[in-house]
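Beneath this line is the structure, given in structure tokens, with notes to follow.
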Amino acid sequence: MFQWLMQALMLPLLLLPLGRAAPKDGVARLDPEVQQQLTPNPFQPGPEQLRHLQNYLKGLEKMEEDPEHMDREQVLLSLFALHDYDQNGQLDGLELLSMLTAALAPGAAHFPINPVILVVDSVLETQDLDGDGLMTPAELINFPEVPKHTESLPPALQEPQPAGSQPLLANSPLQSETQQSLGTKEEIRGQVEAKRASLEPEQEAGHQTEGKVDTLSPEEEARGQAESEGDVPGPREGAEEQVEIKDNEGEAKELLVETLESLNTPNEAEAHSIQLENDEI
């Protein structure tokens, strides 16, 4: 019985926070269409963003010049000057929140959680290049461009595309010019490599010839020096001298044969006379 009593007392205490957390009629809610309009960065270059900021400046009725005739840079500088409350040349997070709330969703300032805070975080993440949490006029005007050459990025950094969708830069003239320039560079590189390969055999032959010239034997060096000085005959003169030596050797042989024949002739005469004497005896 005591347990049932405790459960009955605890049940209202558990249901009370849920009842307070549930939305009630009459509580201001942000329009879903307004929430969708808060997602893009209003400082991003584009005709819709510029028109929205021009309408905001036009509604202030504090501008000497008609905002419709102002370009994007003039509009952003005017917004910067209006919301730089401390006049330090920089916009902090609160000043950005005040500017974007007034420009995008004026009624969102009364909400417990301002949805424009997400837009402020996106602006600081995208345009606060030095990461100090402050926006300068240059950072506000110079919106960083999204990299267009996704093909040059590593596969891990490329955004996945749904199946059946074509790449955005498939037929862009910039990509075709880039591919043509890359093809031209590859052709020039191939020609240079082919020319270098054709010159390598000639360079090797030249190196071999120089090596042969450098590695001459001592006899050839001595002969070359003698030929240059005139002491040793050249190849043609040596051949003529060898022919003359051979002719002289032939003549000497002929003289030797004739001498031997002349020496043998008296001996034959003496032998013949001795034989005649023997016959007579």
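Every residue gets a Cβ built from N, Cα and C, even glycine.
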Between Ser176, Ser181, Ser228, which does Swiss-Prot record as phosphoserine? Ser228
Swiss-Prot has Asp128, Asp130, Asp132 down as binding Ca(2+) 2; which of Glu95, Glu139 does it also list for that site? Glu139
In sequence order, which residues at least six apart in the same chain have a CB under 8 Å from the CB of Asp128 (Ca(2+) 2 binding site)? Leu134, Met135, Glu139
Neighbourhood of Glu95 (Ca(2+) 1 binding site), C-beta criterion under 8 angstroms, separation at least six: His83, Asp84, Tyr85
For Glu139 (Ca(2+) 2 binding site), the three-state class that DSSP assigns: helix
Would you mind reading off the Cα separation of Asn88 (Ca(2+) 1 binding site) from Asp132 (Ca(2+) 2 binding site), to the nearest angstrom? 14
Students should find that the Cα atoms of Gln90 (Ca(2+) 1 binding site) and Asp132 (Ca(2+) 2 binding site) sit apart, in Å rounded to an integer, by 11
